[in-house]
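Here the structure is laid out as structure tokens; the discussion comes afterwards.
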Amino acid sequence: MATHSFTFGSTFILLLLSLLLQFYSGKSELQLNYYSESCPRAEEIIKEEVTKLYHEHGNTAVSWIRNLFHDCSVKSCDASLLLETANGVVSEKGSSRSFGMRNFKYVNTIKKALENECPNTVSCADIVALSARDGAAMLGGPYMTMKTGRKDSKESYLDDVESSIPNHNDTMSFVLSTFQSIGIDTEGTVALLGAHSVGRVHCINIVHRLYPTVDLTLDPEYAEYLKGRCPSPYPNPNAVEYARNDRETPMVLDNMYYKNIMSHKGLLVVDQELVSDPNTYPFVEKMAADNGYFHDQFSRALITLSENNPLTGDQGEIRKDCRFVNKS
Ligand code: HEM
Ligand SMILES: *[C@@H]1O[C@H](CO)[C@@H](O)[C@H](O)[C@H]1NC(C)=O
């Protein structure tokens, strides 16, 4: 009895302390329906815009998913990715890790629709998160309930991009530890790479597996097909030469990716490593066999990623234009 009340008492004090700490640091928690009072239609507007854009340019939905990864992995989910180079600060978009990213201009379309209805209210960071959620659903992926209340950074973190986003040919143990450091386990990492079930890879990230000799982990017939897509060992980085991640269902966020890599039809070295690494292979097999399981794990991991170290409360700001910090 005495121990119980002691536990209760100390839990209570701890709770009080953490509330006080939050108050003084100006930090608070992300929450469901953060905009319910300030902009009740915020989530609906984002969904409408994502849907409209998807019907005009299907690959916008693909971009929203990659945006979340590249924004949230670097420091925090704070829309730092979206900042343009200005005042001597170079944009994260300029990193070689951001190669091939596209459709940024349509983020402004979504932001404008929100500014029309609720000026200075909805952050660009929440647009990054919610557009990825809605993009995934448009592509036949799972629908995720996401918390909101993220604020936008006042700076970009170009120097952190290379240490936070793995390269296409990094080892699986490096990839796993990178995701581990933001709270995503092996199973979650395997599921997140399933995003490579949609979209494309430029030849510059493929040719080293084709020339001068074909990578032995590639299916030989598939390698011939890829050589057709990428006929030169020295692709011009400015040419739009690419292969689709998934020839079967290129615009569906499904488990075809795992079936493809199991038959040695992964495009990137990291994709193929999921099969050769004994830590990841059991999850690959399970995801290849069960699309529902893939979707569950993908949702769980994407939500964790979307909640990585957000700016909240009076940290950061709500950018008026997602490309630039507000003028003070
Ligand atoms: C080890 C981790 C990862 C590496 C090394 C990696 C690397 C890459 C590379 C090299 C490309 C092709 C870029 C190009 O040539 O155009 C790509 C595309 C893509 N990645 Fe990843 N990626 C990783 C994880 C993720 C994660 C976690 C997500 C999202 C949850 C993601 C989403 C995408 C999407 C959607 C595309 C297609 C983009 C488009 O078609 O516009 N990737 N990734
Ligand atoms: C990985 O690819 C980069 C180019 O993207 C290259 O500079 C580097 O040497 C490659 N590393 C390995 C281990 O192959």
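In case you wondered, yes, glycine gets a Cβ from its N, Cα and C as well.
The structure displayed is predicted, hence computed values, not measured ones.
Here TrEMBL annotates a disulfide bond for CYS322; of CYS77, CYS118, CYS124, the partner residue is CYS124. Cβ atoms within 8 Å of the centroid of the Cβ atoms of ASP71, VAL74, ASP78, SER80, GLU92 (the Ca(2+) 1 site) belong to the same-chain residues HIS70, CYS72, LYS75, SER76, CYS77, ALA79, LEU81, LEU82, LEU83, SER153, SER156, TYR157, site residues excluded. Within the group of binding-site residues (ASP78, GLU92, ASP254), the Cβ with the highest number of other Cβ atoms inside 10 Å belongs to ASP78.
Sorted by the number of other CB atoms within 10 A, the disulfide-bonded residues CYS39, CYS203 start with CYS39, the lowest.
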